[in-house]
Structures are given as C-alpha cells and as structure tokens.
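Since the structure comes first, as structure tokens, the remarks are kept for the end.
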Amino acid sequence: MEHYISLFVRAVFVENMALAFFLGMCTFLAVSKKVSTAFGLGIAVTLVLGISVPVNNLVYNLILRDGALVEGVDLSFLNFITFIGVIAALVQILEMILDRFFPSLYNALGIFLPLITVNCAIFGGVSFMVQRDYNFAESVVYGFGSGTGWMLAIVAMAGIREKLKYANVPAGLRGLGITFITTGLMALGFMSFSGVQL
C-alpha cells in the first residue's frame with residue numbers, strides 16, 4: 001500500500017505533468033482564466049487519464065506487447081495509433097456525458113474538450129506507463145495521480161490569473177507574458193519536491 005501512496009504523491013507533485021514535464025500546456029494556458037472552468041477541465045483530464053492509462057495498460061499487455069497474443073509476434077509498432085484510438089474513444093464518451101448531464105460545463109470548455117484527445121499530457125501519461133512497465137494497479141494509481149497533479153496545477157494557475165487581473169502588471173507583460181513567468185515560478189516551486197525521496 002505504501003508503494004501506491006508513494007507513486008500517487010510522486011505523480012502529483014514530483015512528476016507533475018504540467019509543471020515538471022510541461023505537457024498539456026496549450027489547454028493549460030488557454031483555459032486557466034477562471035477557476036471554475038479550469039476545475040471542470042481538470043476533472044475531465046483526470047477522468048481521461050485515470051481511465052485511459054489502465055485501459056491502455058491492458059491493451060498493451062494483452063495485445064501489443066511482444067508475445068502477448070502469439071509467441072514471436074510483436075505488435076508494439078501499433079502502440080501510438082492504438083493508444084490514441086483508445087484516448088479518442090474515451091474523450092468522445094466523456095464529451096457525450098458532459099453534453100447530456102453538465103451542459104454549462106460542456107459549453108464553457110468549448111473546443112478544448114475534444115482537444116483533450118490530442119492533449120500531450122494524456123499521451124505522455126500512457127507513454128510513461130509503458131516506458132516504466134507499470135502493472136495494472138500501478139497504472140490506475142499513476143493515471144489518477146497524474147490527472148490530479150495536472151488539475152492542481154491548472155486550478156492554481158487560474159486562481160493566480162484571477163488575482164492578476166487586479167494587479168498592476170507592466171504593459172509589456174500583460175496577458176501571456178505574465179502567465180509564462182507565473183508558470184515558470186510555479187514550476188520552480190514544484191521542482192522543490194524533486195529532492196523528496198518516497
């Protein structure tokens with residue numbers, strides 16, 4: 001149990017998708033203007049990561065890995081296209097659920113909801129799972145931990161950006177300039193967790 005808690009904490013803080021690997025920055029910067037919208041997208045990304053990493057773990061271990069289906073047959077060259085297909089299917093299901101049950105969040109996320117399919121944080125989580133050879137339980141913990149870390153980063157950024165609206169920011173730094181500086185400072189803060197041994 002301690003191993004899984006350590007893996008979750010490491011995925012949230014030490015190996016944060018947004019602030020350690022800078023993955024998913026397009027939606028991170030575009031949707032982090034309001035806390036409510038950022039939280040909604042963070043939940044969506046967490047759900048997609050939390051489901052797609054273990055599902056892709058099963059697909060990889062039962063079908064694509066060398067010798068999984070038939071001894072001597074290696075289908076690992078299909079990794080990328082298969083993983084993207086699974087992620088796209090999960091995002092479409094999530095989009096239908098949000099449209100049906102949470103129309104205000106669906107409208108607030110707009111074009112960024114289908115873009116979760118090509119969000120490199122999602123694909124990065126799946127790729128790290130394969131690279132690190134996680135088992136199914138580890139991939140569940142890692143998927144939800146990575147999503148939680150990304151959500152924590154985007155909600156914190158949205159909170160800071162809401163406060164920056166009332167700050168006296170120099171004219172040359174208004175907008176994305178101060179946002180990039182803030183992201184860098186947040187990344188430095190999260191970098192302090194890198195020395196923590198769990």
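Cβ atoms are placed via backbone N, Cα and C, with glycine included.
The transmembrane segment annotation in Swiss-Prot covers 11-31, 35-55, 77-97, 110-130, 140-160, 176-196.
Among the listed stretches 11-31, 35-55, 110-130, the one sharing the most Cβ pairs under 8 Å with the transmembrane segment (77-97) is 110-130. Note on the transmembrane segment (35-55): residues 24, 27, 83, 86-87, 90-91, 94, 98, 102, 105, 108-109, 112-113, 116, 119, 121-122, 125-126, 129, 136, 139-140, 142-144, 146-148, 150-152, 154-155, 157-159, 162 of its chain, located 6 or more positions outside it, place their CB under 8 angstroms from a CB of the stretch. Only residues 6 or more beyond the boundaries of the transmembrane segment (176-196), in the same chain, are considered here, and those with a CB under 8 A from a CB of the stretch are 13-14, 16, 19-20, 22, 25, 28-29, 32, 153, 156-157, 160-161, 164, 169.
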